[in-house]
Every structure is written in structure tokens, then in C-alpha cells.
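Taken from TrEMBL, the feature domain 'Cytochrome oxidase subunit I profile' applies to A:28-559. The transmembrane segment annotation in TrEMBL covers A:40-62, A:82-110, A:130-151, A:171-192, A:213-241, A:283-299, A:311-333, A:339-363, A:375-398, A:410-433, A:453-475, A:495-515.
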Amino acid sequence: MVDGTLGAVGAVPPAEVEDMELYHPKSWVTRYVFCQDAKVISIQYSLTALSIGLVALVLSWLMRLQLGFPSVFSFIDANAYYQFITMHGMIMVIYLLTAILLGGFGNYLIPLMVGARDMVFPYVNMLSYWVYLLAVLVLVASFFVPGGATGAGWTLYPPQAILSGTPGRDWGIILMLASLIIFIVGFTMGGLNYVVTVLQARTRGMTLMRMPLTVWGIFTASVMALLAFPALFVGAVMMLFDRVLGTSFFMPALVEMGQQLQYGGGSPILFQHLFWFFGHPEVYIVALPAFGIVSDLISTHARRNIFGYRMMVWAIVAIGALSFVVWAHHMYVSGMNPYFGFFFATTTLIIAIPTAIKVYNWVLTLWLGDIHLTVPMLFALGFIVTFISGGLTGLFLGNAVVDVPLSDTMFVVAHFHMVMGVAPILVIFGAIYHWYPKVTGRMLNEALGQLHFWITFLGAYAIFFPMHYLGLVGVPRRYHELGEAAFNTPSVGTLNAFITIVALIVGAAQLVFLFNLAWSLVRGKEAGGNPWKATTLEWQTPETPPAHGNWGKELPVVYRWAYDYSVPGAEEDFVPQNQPVVARAGAREGAPA
Amino acid sequence: MNKVQEAIVRPSGWRGIVADWSGDQRAFKNVSWGKAMMWIFLLSDTFIFGLFLLSYMTVRMSTIVPWPNPSEVFALTIGDRKMPLILIAIMTFILISSSGTMAMAVNFGYRRDRVKTAVLMLLTAALGATFVGMQAFEWTKLIVEGVRPWGNPWGAPQFGSSFFLITGFHGTHVSIGVIFLAIIARKVLRGDFDRERRGFFTSRKGNYEIVEIMGLYWHFVDLVWVFIFALFYLW
Ligand code: HEM
Ligand SMILES: [Cu+2]
């Protein structure tokens, strides 16, 4: 399809800006360490995020060991358990998922996919990574300070987050808040780059409506992050003041151990509003890039154009906008005015519409497609399935009346792990299997990939599906031990032990993946420039891996959208975006399309 | 390398905007990368200031202790007359004036008038520094009178907390602006932008446009002050 916006094929407007001036590294240090090339920055971001993600994975094992076999592991006492959940949740959501999807995939894919030589401000982009690394180091440091990491829960609700009963209230919480503030500063530097590159640095012929959905997803998520992180920033700064200076922004009058504290007059609910004004968009900051990437994986590996491209774009934008007006569905039990609950339940259910449109369009793209069950495709299909299961439970929780009894039970844990834990992680894996050949020039091992997929996918269901049941019978979340409560039936104990064993197996399966990453770097099959026969620009670079500056002397020129797969009559089953004329099977060379 | 050419004639008004957004290369035609980046940054920063102010209003309403009366707290005794808000009035006047000098600097920058641009930028920086200095004076005065982030002699402790938080955050913005004004003024004076001298870290050619980008930031910081003035001092 050559769409009409730019007129007939061949009529591409002339260049409006001069070619980008790049910083050319002069030494080893500026080439590989303090490097301004977005591709290197992307790898730095991804490796850092995966490393800290491994810490979060190990923490999840420790929590599961305690839940599955209570009191067997004496070093996991209640305090340690709280520290583990808090750090696990925060690391997974922010330092792994946000960082790898925007900093990792954004940096690699945006310039290549829109046909730019680099991000618009490579130096600021480089700073973004080093500030992110600092944030990670501050976070890790909090494990080693006196009193250990904070155990306030990843939501860090005051007043308990800074009261003396909570583990890590001495230093852990301070470092956590500091680390978040640093992360936001670093992200802003990167995020501005991603947004401006998409808006202002596309190549000739690349209209917004010809961009691959991956870019749309990452772009929208970056805009959202620039508007949502300020709320977390403000909340973190004010809580830091409350903790360090003794102000009372979030602290009401309190009696602790019979003693009246110095605090008084603040509003704990204010923090919840700030947190979730960030927190809900954050869910979509993680989800939208995943949506985009999965659309491209499905289209490429099913050799079929994406169904309803325009609808997909508008759905991404609509979800992004709506997600700023639903935040208080996390606060149904906080004692809000019930009319608020009504409003937020309505907006929440409205978001289901564009989301459902996306799911239907993925399924319709697969319909009658020539599905290649490659590893990236398996992960993409796995995503659709887990996302549907997680999304459906979201409809339950979005309704205030249904949420009240389910709130703070394992049902919620099951819901958000399916929808924003497992689903985006599956896409990240799929994306790594898909783009690794471009990054390294070698394919990841297929057999190991299949093994990794099946264990992870089935394992994720075995872990999180039973949790719905646990939640329905009343098992609360964030409990170190269940004790003799009425809901603690023998089946609960058996299920918990089962979940723990599967979680350990799934965790171990990730070692297969890490081994594959390292092994294939040296031993993998040579990939060539375009192993998946994909249409998007990153596969059309003159060199693989792409050189500094991405393209040779000339920037590519774009003539069509990103989804010309199986074009009827065409010689090959895909037409790259930068190819002006469709070669007809049997037609003479260069005939007009 | 691609030759840069004038873009094809574009329709005006709404149709122009639609045409730009459905076209290739740039969504905002004639907006450079640097300016686009500053605008988007300022949008994000607006959210930060906006949320700080909203939070201040929320705690002001949630606290049950009466709020100190700003026109008494922020009064100076000059001679033997008590002048409410006099210092803030002067500070506001100075900051708004600095927006004027900044605008003139931008104008001379586009005429490539090295000396006038640099002098006006330095004047802007000096006005900014005076503002920060007067703010330091105000902070000192209040601290001497016993205002602390966690309490004050007159009423709700949230008064001091919000005051130091919000004016401190804004003052930091002004101070950063002053530093960058000085740095860029030095580059202007040295002729970096006439000679298109390359940046040390970026190896990009210098350009007078940076004066305008600096101007966007400076006007934004002034505009934010107007809101702080209205919501904190006048309410
Ligand atoms: C192997 C995979 C994982 C396992 C076994 C796992 C397990 C757990 C467990 C046992 C809890 C604590 C439940 C409780 O006691 O309340 C938890 C909490 C949490 N997890 Fe995971 N998790 C995994 C992956 C992820 C991922 C990928 C994310 C990314 C979104 C994530 C985000 C969270 C969050 C936000 C919490 C809530 C923390 C809190 O209550 O403060 N988890 N997880
Ligand atoms: Cu939400």
C-alpha cells in the first residue's frame, strides 16, 4: 500500500534540515563507555536493566520460598519479607520495565525506524544513561545501609513508610526516594530526546502515519512519562522533606507507642493521589511500547499487514490520554467520596474499548496469516493470551463494588502480574529474540529459545493463575505468614507450595536465556542484514550491526507504510519501506506499481 | 548529502497544521530541535510546578490549624511604617523586568549584535541574581523570626514547609538560569556563534538560537513566579 498523503510514488519532498552532525569518538572511552551513539546507549541501558531485574527475580524466589514453606527459612523474617516485596515491585516496574522499554528499545529502535542518524541530542542522551546508572546504584546501596532497604511496599504510602515500625525507615526510605528522584531526572533527559526525534527528525517520506507501531508505542509512552513522572517527583520530594526535615505534608497527627509525634495536619490521601497520578499512566508507559512491539512482531512473523493500522494508532493515543483520568481506581478503599469512585469506574471501563480494539486487531492480523512459529512469534502469541487473561480480571477490579472485597488480596497480585508483569516481559523476550540479529549480527539459538518460551509461558500461568483462587478465598497480599486464619485451608498451603516450586523452575529457565545471549554472541548463526524479511527501515541498513550514523552517505527515503507483507502480485512477500516500486512477479524490471 | 531546500508552499491556518502533521520529516515546521526540546521540557516542568502548587493548596485546606496571614508575615518595617508585601512587590518587579531585558537580548541575538546581546544577557543575569539575593534575605528574616519547615510561631506548620519548598524550588530554577545566562553570554562575547565554533562535548556548530532557547526558559521561570505570587502571597 502506498498511501495517498504524499502523492504519487516518487514524489518525496526535499530534505528540510541539514544532515545531522555527529560526535565522532576519539578514543576507546568515548567509543564504548561514555558513548553518544544511541545504539551503544541502548545496550548499556538494557544490560543494566536486565542485571537489576535479576536482583528482583531472586527477591521473588525468596518471597515465594517463605510463602510456599512458611518458617522453614528463618532468615526471611517479617521485616525481610516486606523489604523483599518492596524492592521486587519497585525494581520490576521502574528500573527494569520502564528502563528497558524506553531507554533500551527506544534508543535502539527510534532513530533506526524513523530513518535518523541518531537521537537529536546525543550528548544529553548519554547523560541520561549515566544518571540512570547512578539511580540504580543508589537503589542497590539501600540494601547495605543500617536498617536495610525500605519495606514500605512499592506504593510507599505514608504515614507508615516513614514511621519507626516499618523496616528501612532509617536510611532505606531516604535512598529509595533519592533514587527515584535521580531516575526521573535521568529519564527526562532521555525522554525529551525520544519525543523530539520522532516529531522533528524523521527522514524524507516518513510521515507519522507511516511509522511502525513500535515507534508509536514508545513515542506515546515517552510523552506520557514526561507528564506522569512529575507527580512521582513531587511526591518523592515532599516525602523526603517529611522524613528528613520533619515537615507534615503527608503526615496527620499520630500517636506512636503512646507518644504523640511531632507531625500533624498533613494529608496521606494527597500522596495516594500523587502516586497514582503517576502510577496508573506508568502501567501504560510499560504497556504501550509492548503493544507497539507486539504488533510489529505479529505482522512480520505472520507475513500479513497489520489489521486496521490507523485504528491501532488512534487506540494507542486514546489509551495514553485516557490513562490520565483513571488513577483513583487504585483508591476505592481509601475512603474517597463515593461519587469519585463512580467517575473513576466509568473512565476505567471506557479504556477497555480502545484496548479491546487492539486485541481484536491482533487477532484479525493473525487470521488467515502465514504464521511462522518462530521464537519471537511464540512470545508475541503468549503476550496476547496473558494480556487477555489479565485484562479481563481488570474489568472486575475496575468496578468499585467488586473491588472492595478483592482489594489487597492475592487476586490483585494475580491481576497485575498477568497484565503488567508477565505480558510486557514476554514482549521484551520476543523483542530481544527478534532484534538480537540486528544488534549483534547473529541469530539466537532457536531450540534454546523454544525451551525458554514454553517453560516461561506455561510456568507463568502455573504461578499466577492459582493466585486468583487464593485471592477469592480471601488470602491477603503482603502477608508474611497466614497463621491460623479461616481462609488458610489445606488447599491454600498446597497451592502455595506448588506455586513456589514452579516459580523456582521458571526462574532457573531464565538462565537458559542468559546463556543463549552469551553463547550466540560467538557461536550463533550468521544473521545477514534482514533474517526475518521485514519491511521496516532498521532491517535495511547498509551494515549489520549498523555503523555509527546508521546509514551510509545518504539517508533512506520512505515510500510506503511499514506493513507491505504478501502484497498480491509482488515478487517477494515483503516490500521494504524504502523501496519505491513494487517488483511484480514476471513483469519487466522497474515497471510502475 | 541531502541538499536543503525550501519546503513546498503550504496552506495556512488549521489546514496548514493538518498538512504539517500528516507530512514527513517534521511535525512543527520551522521549529528547530533545540526549541522543540525546550518547549516539551517546559511542559513537563509545568506539571511539576503545578503539582507542587496543588499539593500546597491541599495541605493548606487539610490542616486544622489556622494559616498565618501572609500580608503580616511578609511585611517589612521601613522607618516606622509597616509595609505589607513590599519586598515581594520589588522582587516581582525585578523578575518581570528581567524578562524584558531577556527579550531584548534575543532580539539583538538575531541581529548578530555580539556586544549588545551579551550585555543584555548579563543584565538579565544580574537582575536574576538580585532576585535570588532578595529571596535569601527574606528566608533569613523568616528564619530569624522562627519559621522552620516543621513549624512557625503563627499557625499551621505547613506554612513554612510549603514556603521553603516552593520558593526554594523556584529559586533553584532562577539560579540555574543565572548560571547558564552567564555561560552563554560569555560565548556570545567571545564570538563563538559568529564563528560557528563547535561544542566541546557535542561537536555541534554554535548558533545564536541558543539565546532564544535560554529566553524561553527564562520567561517560563518568570511566569511561574506570577502564579506563586498569586497563590502563596496573595491568597
Ligand atoms: C518470576 C516472576 C515473578 C514472581 C514469582 C513474582 C512474585 C511476587 C510475589 C510473591 C509478590 C508478593 C505478593 C505479596 O505478598 O503481596 C510480588 C509482588 C509484586 N510484584 Fe512480582 N513476581 C514476579 C514478577 C514480577 C514482574 C515481572 C513484575 C513487573 C511488573 C512484578 C511486580 C510486582 C509488584 C508491583 C508487586 C507488589 C509489591 C507490593 O505489594 O508492594 N513482579 N511478586
Ligand atoms: Cu490503574
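Backbone N, Cα and C atoms are what each Cβ position is placed from, and that goes for glycine too.
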Run the contact check on the transmembrane segment (A:40-62) against the transmembrane segment (A:495-515): 3 or more C-beta pairs under 8 Å, excluding pairs closer than 6 in sequence.
-> yes
Intrachain neighbours beyond the transmembrane segment (A:495-515), with Cβ under 8 angstroms and 6 or more residues off its ends | 54, 57-58, 60-61, 64-65, 67-69, 429, 448, 451-452, 455-456, 459-460, 462-463, 466-467, 469-470
Between the stretches A:82-110, A:130-151, A:213-241, A:339-363, which wins on the count of C-beta pairs under 8 angstroms to the transmembrane segment (A:171-192)?
-> A:130-151
Predicted model, mean pLDDT over the domain 'Cytochrome oxidase subunit I profile' (A:28-559) | 95
